[in-house]
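Reading through the structure tokens given below for one structure.
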Amino acid sequence: MSSLLIDNIGELFTNDEDFPLGHRRRAAVLVDRNRIAWVGSSYHAPSADRRIDVDGAAVLPGFVDSHAHLVFAGDRAAEFAARMAGEPYTGGGIRTTVGATRSATDDELRGATGRLVEEARRQGTTTIEIKSGYGLTVEDEVRSLRIAREFTEETTLLGAHVVPAEHTDNPWRYVSIVSGPMLAAAKAYAKWMDVFCERGAFDEDQARTILTAGRAAGLGVRLHGNQLGPGPGVQLGVELGAASVDHCTYLSEEDVDALAGSSTVATLLPGAEFSTRSPYPDGRRLLDAGVTVALATDCNPGSSYTSSMPFCIALAVREMGMTPAEAVRAATAGGAAALERSDVGVVRAGGRADLIVLDAPSHLHLAYRPGVPLIRNVLHDGVLR
Ligand code: NIG
Ligand code: FE
């Protein structure tokens, strides 16, 4: 059987200007193998090998989680508990996870990553970016990326996550390793290069050196910036034509203007603010300025141990001034823009057959009913789960 008709859709959230949200009730989508073949009204639906009647449920594009750190061992639950008792988040715990990750076997890392990918998929994520960044040696970063590649084509070298303990006496020595031998060995397994550009991690010059090398090696560039305080991340990202600057919690007027005048996406990661008890980024301000906004989980054992895009949507609506439609769009089309993908994050003929059927009549319920498992079915690359 190759074609599948998803019929009797109560609300189809397309992200397609030609067939926008709520445009028609009783919509239908025809899927042929792993592609969307047709989108329209149930009354005109073509026949198919198989039909499922979703009985008025809402259907959306699969979520595109454009920022996740899934290759690691262990957890940092005690660090979370200490934060909830008043300790600040500094990123210092990253080195704890580096130690655990270096000691893990390939199979342990593969198993842990696979469990998180599956957990994300159950919550509607059909495209996920996975970063390295808990190995911080040439060998361990390559190993992390090789494992990440088993799960996604959206892989990112984050050798510049923090300066590992053995190089703190000379951070530039580590910058040379990342932009030299590490990049050379890892580029076969990575689409993107990322840097944590923040006080306590890498400064502007170091980040520029690393990202410029990544670009010269043929990788796309993105960076973590403006998470823990104001900083140069956004300006550097725009200067380098980065696909995305991620976090964007502390922005000046100049930062917002720079983003608005560029094609760089602002990727907001409210799971991190939730888990570090920090102020949320101002999604409303960015949208009003005309910036393309993405929402992602930042799933990692330190600052944001959630794989749930619905949770991030609820936070964006409740805490960041975004409407439910804006938040869903940021979690789908926004993520696709951050990954420079036109085949996902949209329900349009020709796109990849990645769809979510909700246990609800409207996308509004994702924020309206927080914490409730509303993902009834996930169609991923044409396969219904
Ligand atoms: O995106 N900010 C840097 N990296 C992660 C946190 C990693 C960790 O704490 O283990 C982030 O929040
Ligand atoms: Fe991150």
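The chain as shown is numbered from 1 upward.
Glycine is no exception: its Cβ is also placed from the backbone N, Cα and C atoms.
When His224, His363, His365 are compared with the Fe(3+) site residues His67, His69, Asp298 in TrEMBL, the one appearing in that site is His224. Site annotation for N-formimidoyl-L-glutamate in TrEMBL covers Asn300, Gly302, and the matching candidate from Tyr134, Tyr174 is Tyr134. According to TrEMBL, the residue from Ser2, Ser3, Ser263, Ser303 that belongs to the 4-imidazolone-5-propanoate site alongside Arg76, Tyr134, His161, Gln227 is Ser303. Predicted-model confidence for the domain 'Amidohydrolase-related' (245-363) is 98, expressed as mean pLDDT.
Checking the binding-site residues (His67, His224, Asn300) against His161 (4-imidazolone-5-propanoate binding site) with a 10 Å Cα-Cα cut-off leaves His224.
For ligand 1, the neighbouring binding-site residues among His67, His224, Gly302, Ser303 are His224, Gly302, Ser303, by Cβ distance under 6 Å. Within 10 Å of the C-beta of His224 (Fe(3+) binding site) there are 32 other C-beta atoms, taking all protein chains into account. Selection of the binding-site residues His161, Gln227, Asp298, Ser303 by a Cβ distance under 6 Å from ligand 2 yields, in sequence order, Asp298.
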